[in-house]
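Annotated in TrEMBL:
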| type | residues | note |
| --- | --- | --- |
| BINDING | G129, K130, G131, G132, V133, G134, K135, S136 | ATP binding site |
| DOMAIN | 9-81 | domain 'MIP18 family-like' |
Amino acid sequence: MTADTRQIEAAIYERLSRVIDPELGRSVTDLGMIAAINAVPAGDGRAAYDVTIQVELTVPGCPLSETITNQINGAVASYPDATLTPHIEVTSMSHDKLADLVADLKAERKQNPFNKPGIKTRIFAIASGKGGVGKSSVTANLAATFAALGYDTAAIDADIYGFSLPKLFGVHTQPTNLNGMLMPVTAWGVKLISIGMFAGADRAILWRGPRLQRSLEQFLADVWWGEPDVLLLDLAPGTGDMAISVAQALPNAELVVVTTPQPSASDVAVRSGLVALQVPMKVRGVVENMSWYEHKGEKLRIFGEGGGQRVSDQLTEALGYDVPLMAQLPLEPELRETGESGRPAVLTPEGALREDGIGREFRALAERLMR
Ligand SMILES: Nc1ncnc2c1ncn2[C@@H]1O[C@H](COP(=O)(O)OP(=O)(O)OP(=O)(O)O)[C@@H](O)[C@H]1O
Ligand SMILES: [Mg+2]
């Protein structure tokens with residue numbers, strides 16, 4: 001091996017240290033994915049070399065294999081002083097090496113990454129008393145809005161028995177499982193995890209205990225989240241246990257109460273907000289959903305009116321601080337239709353935030369929540 005080829009190998013290694021694994025957010029060199037780099041003169045007298053790079057992916061058949069090899073090709077092609085022809089050999093890590101890597105990542109991250117002091121992540125737990133008022137639709141569209149606005153956004157489907165986020169985001173894949181550490185599935189720019197993504201045996205393994213508290217902790221600790229700007233939790237309906245688990249596991253979480261305009265929904269919604277009297281959790285505000293339906297330019301109040309304001313007033317009084325009514329969202333058939341097709345309705349088919357209608361409403365809500 002000549003000095004030349006060693007220099008080239010070192011320079012390539014340096015370049016590869018800037019290739020970031022999209023799931024783990026770390027460079028491929030850091031992660032030990034570059035097993036060898038070997039430069040050999042091409043033998044035709046020019047400054048040309050064949051460069052063989054052995055890449056070890058974390059799991060065989062990793063879905064990101066192509067992205068990573070493209071980036072490696074790009075890094076090699078950008079070498080300035082010679083023509084390099086890359087040959088990339090892809091294998092996967094040995095079981096032991098992967099176990100070490102996962103142990104490293106876990107040790108660095110400790111347990112639940114969201115309860116350390118000074119964390120920048122804003123956490124909003126979307127709750128309601130009554131079922132079917134639109135928590136999941138609000139969560140999905142709000143998450144898609146945050147992502148479209150450029151926030152690093154994550155969402156947890158904390159409705160364990162009635163999960164709905166995989167469907168609303170059109171997710172049909174399973175999270176990659178790295179020796180017990182799960183990668184969230186990214187859809188429409190949002191990092192997602194839901195019990196609905198796991199089938200059969202995997203679901204049973206993940207679900208080691210029947211307790212809700214446990215399942216939330218697993219989602220927090222066993223999933224590689226990085227440090228998103230925003231984390232949304234879609235809670236199950238009711239006034240109950242999950243909100244308490246959230247308060248315990250996520251001391252920074254802020255509750256957002258969703259209601260419809262009619263009294264039957266708003267009364268229970270107030271109770272779901274009153275959980276903040278029992279646990280140290282702030283109620284950030286109220287969202288009234290299905291407030292009106294626009295028909296020939298007229299706003300029809302199909303479900304009556306005043307529910308959101310009532311919840312806001314009652315929670316403000318009971319909790320002793322302002323719990324504002326933050327949004328009134330229209331009844332929009334498209335919201336259900338696109339939801340069923342696997343795309344949050346605030347997004348265009350190309351994934352941009354819609355400028356009109358509910359796109360605008362959700363943008364205003366997102367901006368208000370972040371203030
Ligand atoms: N603003 C809206 N316009 C039209 N349809 C809506 C709207 N919000 C929600 N829906 C529809 O109402 C139904 C219930 O909504 P969603 O599943 O979001 O409620 P939820 O509160 O999460 O329900 P659950 O309590 O069962 O979890 C869905 O079919 C959804 O598409
Ligand atoms: Mg729901």
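For all residues, glycine too, the Cβ spot is worked out from N, Cα and C.
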- Neighbourhood of G132 (ATP binding site) by C-beta distance under 8 A, where only residues 6 or more apart in the same chain count: P237
- Message: Taking ligand 1 as the reference and 6 angstroms as the Cβ limit (strictly under), which binding-site residues among G129, K130, G132 are close?
- Response: G132
- Item | Cβ packing number for G134 (ATP binding site), 10 Å threshold | 22
- Task: Of G129, K130, G131, V133, K135, S136, the binding-site residues listed, which put a C-beta under 6 Å from ligand 2? Please answer none if none do.
- Result: K135, S136
- Around the ATP site recorded as G129, K130, G131, G132, V133, G134, K135, S136, what other same-chain residues have a C-beta within 8 angstroms of the site's C-beta center? S128, P237, V258, T260, A265
- Could you count the residues of the domain 'MIP18 family-like' (9-81) that DSSP puts in helix, in strand and in coil? 21 helix, 20 strand, 32 coil
- binding-site residues compared (K130, K135) - highest count of Cβ atoms within 10 Å: K135
